[in-house]
Each structure stands twice: as C-alpha cells, then as structure tokens.
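Annotated active site per Swiss-Prot: E252, C286, in sequence order.
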Amino acid sequence: MKQYRNFVDGKWVESSKTFQDVTPIDGSVVAVVHEADRDLVDAAVKAGHRALEGEWGRTTAAQRVDWLRRIANEMERRQQDFLDAEMADTGKPLSMAATIDIPRGIANFRNFADILATAPVDSHRLDLPDGAYALNYAARKPLGVVGVISPWNLPLLLLTWKVAPALACGNAVVVKPSEDTPGTATLLAEVMEAVGIPPGVFNLVHGFGPNSAGEFISQHPDISAITFTGESKTGSTIMRAAAEGVKPVSFELGGKNAAVIFADCDFEKMLDGMMRALFLNSGQVCLCSERVYVERPIFDRFCVALAERIKALKVDWPHETDTQMGPLISSKHRDKVLSYFELARQEGATFLAGGGVPRFGDERDNGAWVEPTVIAGLSDDARVVREEIFGPICHVTPFDSESEVIRRANDTRYGLAATIWTTNLSRAHRVSELMRVGISWVNTWFLRDLRTPFGGAGLSGIGREGGMHSLNFYSELTNVCVRIDKESPDV
C-alpha cells in the first residue's frame with residue numbers, strides 16, 4: 001500500500017495518526033496518508049523561516065526563475081506519475097487530466113518563471129526645484145512563509161497556481177492539499193526533493209480542516225499570508241483567523257455561475273461549449289455553469305438538443321480515451337449532490353435528463369457516480385437555483401429581454417464567472433461588462449490566459465491572482481527614494 005507522508009524541512013515525516021485515500025472510481029483504498037499534528041505544522045513554519053534566513057532568502061529573481069524552470073522540467077519527466085495519481089484520487093477522465101490538469105500544473109511554473117523574468121520595475125524620476133532629482137523605484141520582497149490550502153477539484157493545477165508565484169517571489173510555503181486528493185501534492189514534494197530545492201522552502205503537511213492541518217496553518221501566528229481555494233464557509237473561518245493576525249489573504253471560493261444564451265448565437269458552437277461548461281470534471285469546476293438562461297425563441301430547441309447531447313455523453317472508466325465524464329470526488333459529495341436532486345423534485349422541477357445514479361454491474365457501483373442532469377421549471381428563488389451544488393446539474397430557464405436576463409443573472413450572492421453566447425458584438429461587450437463577476441467569457445468557456453486577473457466578487461472570493469496580480473499578492477513592495485544632487489559636493 002502506498003504511503004503519503006509529510007515533507008517538512010527537506011525530510012519525509014511519518015505520523016502516528018493516518019487516514020485512507022479512497023478513489024471515487026470504485027471506493028477502493030489508494031494510499032495511507034499521514035496526518036500532520038499541530039507540532040509538525042509548527043515545525044514546517046519554522047523550517048520555512050529558517051530557509052528565508054538562509055540560502056533561499058538570498059536568491060535573486062534570476063535564480064528563482066531557474067528554480068521554477070527546473071521544477072517544471074522534473075514534473076514533465078514524471079508526467080505519467082502525475083496523471084496516474086490525479087486520476088486515482090479524482091476519477092477524472094484521461095481526456096481532461098492529460099490535456100488540462102497536468103499540463104497546466106507544469107505550465108504554471110514556466111509561466112510564472114517567464115513573468116518574473118520580464119516583470120517591470122515601478123520607477124519614477126522626480127525633478128526638484130534646486131536642479132537635483134529623486135529616483136524612486138519599488139523593490140519587491142517576499143512576504144515570508146505562505147500557507148497554501150488547495151482544493152480537490154483541480155488538485156495539481158490549483159496547487160501549482162499558488163505555489164509557483166509564491167516561490168517566484170522568494171517565499172517559503174507550507175502546503176496542505178485536500179484530504180481527498182493528497183497524491184499529486186506528494187509527487188510535487190518528491191519533485192522538490194529531486195531538484196534539490198533548499199530545505200524548508202517547500203513543506204507539505206497532510207490533514208483535514210477543523211482541528212487538523214488546515215486550522216493549524218490558518219491560526220499559526222508566524223504564517224505571513226494565506227491563500228485558499230474552496231468552499232465559502234471554510235473561507236469565512238480562515239478569514240476570521242487571519243484577521244486576528246492582520247495577514248493578507250487571497251480566497252477563490254464558490255460560484256453559482258450563469259450562462260446567457262441569446263437567440264442569435266452560433267447554435268452548434270454554443271452547444272459544444274455548454275456541454276463543457278456544464279459537465280467538465282463532472283461539474284466540479286468553480287467556473288461551471290449551474291444557471292442557464294436561454295432566450296425564449298430558441299429555448300425549446302435548446303432543451304431538446306441538450307438532452308440529446310447528454311444521452312450521447314460517455315460516463316465510463318476514466319482511463320478509457322473516449323470517456324467524457326467520471327465520478328464525483330467522494331461518496332460524501334455524491335450524497336450532497338443527490339440531496340439536491342431530491343430537493344429539485346420537492347421544489348417542483350422537471351427533469352429533462354438524468355436525476356439518478358448510473359448502474360454498471362461491476363465494482364464502479366461502489367464508487368461516487370451520478371448522472372449528468374438538467375432540470376427546468378423552477379423560479380429564481382428556488383434553493384436549487386440559488387445554492388451552489390458543485391456537480392453535473394444545471395437549471396435552464398427562458399428569458400425575453402437583455403435587461404431581464406442581466407438582472408436575473410446578477411441576482412446571486414456569488415460573482416465568479418459568466419458565459420455569454422451571441423453573435424452581436426455590441427451586445428457581447430455590453431452584457432459582459434454589466435455582469436457582476438470576476439470573468440466573463442463570450443462565445444467560449446474556460447479559455448484562460450494565465451497572465452490575466454482571476455478572482456470573484458461577493459461570496460466568490462477576495463483578491464485577484466494571475467500574472468502580475470499574483471506577484472503583487474505574494475510580495476511586498478518597498479519604495480526606495482534616492483536623491484541625486486545636481487553637482488558632486490567635492491566639485
């Protein structure tokens with residue numbers, strides 16, 4: 001049986017307390033995971049500070065660029081190991097893990113290496129009345145030891161999205177992956193060891209949230225900043241702990257994202273895009289659309305076409321190359337999603353597709369599978385329409401005017417993303433800017449330029465990451481002002 005240990009101060013550390021890593025494909029045990037206690041988290045934080053006081057704290061930006069590229073190269077060399085671990089932990093199809101999760105996880109290190117290598121220096125010249133002048137420039141410095149708490153839906157991608165810029169800025173990190181997906185984080189620690197990164201720069205601690213590693217990190221007085229992706233409720237708990245220490249936080253939380261489909265859209269292109277927006281990763285992407293607004297003239301056509309597409313969607317073994325949807329992350333999460341299927345029935349929804357659990361007649365029946373599901377007929381104040389479900393389910397409803405759909409789409413406590421489908425260029429710009437979200441896609445979905453800002457409004461998060469926005473979060477700027485006299489004093 002595989003053992004996933006903690007990695008602290010450059011050493012692999014076992015724990016007296018362990019838990020099981022279970023695959024959602026068939027409910028079998030993948031590995032035994034060693035849970036970090038408070039003392040081990042404290043040791044990780046101290047190791048991070050020692051690294052900052054030693055060799056790592058003296059690295060230049062150019063040296064850190066080289067480190068990030070070496071990490072990416074070693075990850076690429078072990079790409080198959082990362083694929084196997086990611087698919088075992090999550091059950092996501094090979095078609096997704098091999099084209100999105102693992103390549104993007106590697107690309108995050110290369111991308112932030114490139115950004116750091118070309119990052120502009122904020123500098124200004126101020127001319128003074130006596131003929132002298134002042135030169136001001138911003139010196140970028142690390143925050144210190146950053147607590148990184150990452151989610152289970154895109155485990156490697158979102159972990160490296162945080163770790164790469166944190167290291168680029170010269171920080172040390174204490175990483176806690178989700179208890180549901182410890183595999184690729186452990187492999188990343190192996191990569192750090194293989195490339196020889198100084199002890200204490202990258203520390204990995206396994207565990208849960210309350211009364212475990214997540215809480216120990218968020219409450220630690222010597223953690224300099226916290227970055228978290230996950231549920232809004234957990235984010236609120238972490239924020240309260242961070243507020244007591246007055247430390248920076250970056251949160252990417254939940255979403256109840258809207259798709260707005262106008263009658264003038266390219267219908268087939270829209271259908272292709274919406275199948276991804278609804279069911280990629282079994283709907284377990286914070287950017288997935290759970291509320292779909294369709295202009296009335298094409299509403300019936302859309303419902304029929306979507307139901308037909310779902311019938312053809314292949315829900316099968318993740319390692320099959322043509323599988324399009326796998327299981328949910330866990331039996332616990334499957335039960336949550338199924339409870340919303342039942343709530344939809346109680347609230348009077350019409351099921352256009354799905355609504356149950358697929359039966360395979362083999363060991364997969366012990367896994368965490370649900371059917372891709374589409375419902376209709378609910379009011380905008382129904383709980384199923386307002387609460388984040390985070391599964392392969394959406395509610396479709398018609399609308400009659402642009403102003404109506406903007407109002408309805410914005411009627412939510414969340415504000416992460418929206419996708420808009422129209423061939424009217426003016427409408428595309430107009431509606432996109434009126435959506436109260438962090439990102440609006442037009443005639444596409446999940447198309448990401450890693451240099452651009454990413455984050456949400458309302459309950460969907462605090463702050464922006466991506467490109468220079470990430471470097472600005474993970475560093476402090478000191479303005480250096482130097483007066484240059486007009487003449488040398490010895491002239």
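Using N, Cα and C of the backbone, Cβ positions are placed for all residues, glycine too.
Counting only the Cα atoms, the space from C286 (active site) to E252 (active site) is about 9 angstrom. Under 8 Å, Cβ to Cβ, and six or more positions away along its own chain, E252 (active site) finds F228, T229, C286, L416, F454, G455, G456, S460, G461, E465.
Neighbours of C286 (active site), defined as other CB atoms within 10 A of its CB across all chains, total 23.
E252 (active site) falls within a strand when secondary structure is assigned with DSSP. C286 (active site) carries neither a helix nor a strand DSSP state and counts as coil.
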